[in-house]
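Feature annotations, courtesy of TrEMBL:
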DOMAIN    A:79-285  domain 'ABC transmembrane type-1'
TRANSMEM  A:15-36  transmembrane segment
TRANSMEM  A:83-102  transmembrane segment
TRANSMEM  A:114-136  transmembrane segment
TRANSMEM  A:148-166  transmembrane segment
TRANSMEM  A:187-209  transmembrane segment
TRANSMEM  A:268-285  transmembrane segment
Amino acid sequence: MLSKKLAAASWSDRIFDLVVYAAITVVTIATLYPFLNVLAISFNDSTDSIKGGITVYPRVFTVKNYETIFAYSGLMTGLKISVLRTIIGTILGLVSASMLAFTLSRVDFQARRFVSTFLALTMYVSGGLIPVYILIKNLDMMGTFGVYVLPGLVSAFNVFVIRSFIDGLPYALQESAKLDGANDFTIYWRVILPLTKPALATIALFLAVGQWNAWFDTYLYNGSKEGLTTLQFELMKVIQSTTTNADNFRGRNMTEVMAQISPESVKMAITIVVTVPILVVYPFLQRYFVKGMTLGSVKS
Amino acid sequence: MKAITVKVKPEPKKPASRFWPTFLQQKYLYMMALPFVLWAFVFNYLPLWGWTMAFQKYKPGKSFFEQKWVGLQYFRELFHDEQFFNALRNTLAMSLMGLLAGFIIPIVFAVLLNELRLMFLKRFVQTVSYLPHFVSWVVAAGIITKMLSTDNGAVNDLLMSLHLISEPIQFMAKGNLFWGIVTASDVWKETGWNTIIYLAAISGIGPELYEAARVDGASRLQQVRNITLPGIRTTVIILLIMSIGHLISIGFEKQFLLGNNLVRDYSQTLDLYALNYGLGLGRFSFGTAINIFNSVVSVILLFVANGIFKKITKESII
């Protein structure tokens, strides 16, 4: 009570509060406005949009822009591939990270030091763009779906986040399972995995976002492979083709044609389609990833 | 429970001879770890072997032993290329700007958020601030380009209505603005996300410290200066060292997506340079030399930074 009175009495504290709220308001608007603006334009009649002046709500409401983009088959293929790589990539990434994390959490595992060091080094060592490109080429993975999933399968950061979570579980659980005759794999599958759900949810979000947002691997390896391009890549082509002169793109097909005829509103509609899946998911997982981020940073 | 703990008590060690029995006993652990270790070997370590390309006149399709060794030829070529120094300058400039802004602004934002008394507002602002982190750079670049455009871009509109400028600025066509645009974009996208760790660190500070300070009559600003900021010092230092380690290898996505031919002199980073002049032209050996240069400098930076901080603060991450 006393402290509250003191705080309220101080004049400088009121100015301080004012500055805090003003700054927070500016930041919030600066973050949110661009998204609302894009959303509004995407729902606005495209010829009307050219006149400008649209802020956070559409002036002449229409869903025609969305009809236009969904009429292109390239977009649907992109959507399919993006969804597929997100699902498969997330599941495989979760399996690999959690298995490795489990073995590393076992103090009695005799290869623990080796595996741990071997993985940790991958966070600092990388061959670089061209050696990786040559490797993928030599492995005959160009133009395959595999390049979306396999090269980035094992991520040391994810492993360490999950491991520090497992470290927090009582070891007695594993011991009693062992007494019941469970082998190490069964312990992982039946005991550890169900208890690790919060950490897994965090990592699943990281993996899914990473997969959904990736475009560079498509550009590098699958850009000219019709039927394997992703949504982000298609969006990239449409957006880039108006800022540059559509010079150095590998794909030819519909996106370029579309870029020439696509007005601002259609571009914004694609942007929204690419963004919405993540928009829907992340607020619900916020509790988990905040925890996961802090855990991961402390450990690594 | 007691009986169990007795059972797993480690027996006295007999080194070497215990390896195979333990190995067999832990076969499931090995089966769960080794395939992924192999995986990491192929995709993370094998490319390092590819560094030999920089010292060869690499021709695709030939085996390693058939390649012609050329020594440091490609490095000499690299150091004689004007574009290389241009790319190096751009990489360092944008990395340093990104480091400075991306480091200070999240701390300020975390402190500001922490001072919000209304919980629901704090939650709302936090949720909003994470949003840009979750969209791809493709989307972000599209949005940023739209916001900065000369016809009806929000930034130009705002500046015009405030009468700060008399006609729209062509933001995306001015090379000297490019570094600033990239830095600002990064701040817009990642500030909220980078705040998470600092907020966690702040919430770890004991409330009794604030209570004591208030009784002593400290103003809110003084509390921030004398309690909050010292309280997150360790976190700040560790994160600073880590970001310095990545200084030179900070990606090129933003530069690739936001850049265009008009601003190329300011947008081309070392990685983009490797992409355009190594991969794009099929000069694999030359491109690999750029990659190696990039990695070596980044490791040196990490050790130097860590060494300096170890001396000053007795904190270390390596």
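For all residues, glycine too, the Cβ spot is worked out from N, Cα and C.
Given the structure is predicted, the values throughout are model-derived calculations rather than measurements.
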Close approaches to the transmembrane segment (A:148-166) from elsewhere in its chain (Cβ under 8 angstroms; 6 or more beyond its ends): 81, 85, 88-89, 92-93, 96-98, 100-102, 104-105, 119-120, 122-123, 132, 136, 141, 192, 196, 198-200, 202-203, 206-207, 210-211, 214, 217-218, 230, 292, 295-296, 298-300
Intrachain residues whose Cβ lies under 8 Å of the transmembrane segment (A:114-136), provided they are six or more past its termini: 100, 103-104, 142, 147, 151, 154, 156-157, 159-160, 220-221, 300
Same-chain residues near the transmembrane segment (A:15-36), Cβ under 8 Å, at least 6 residues beyond its ends: 55-56, 275
Cβ-Cβ under 8 Å with the transmembrane segment (A:268-285): same-chain residues at least 6 beyond its ends: 35, 38-39, 41-42, 65-66, 68-69, 75, 79, 201-202, 205, 208-209, 212-213, 231-232, 234-235, 238-239
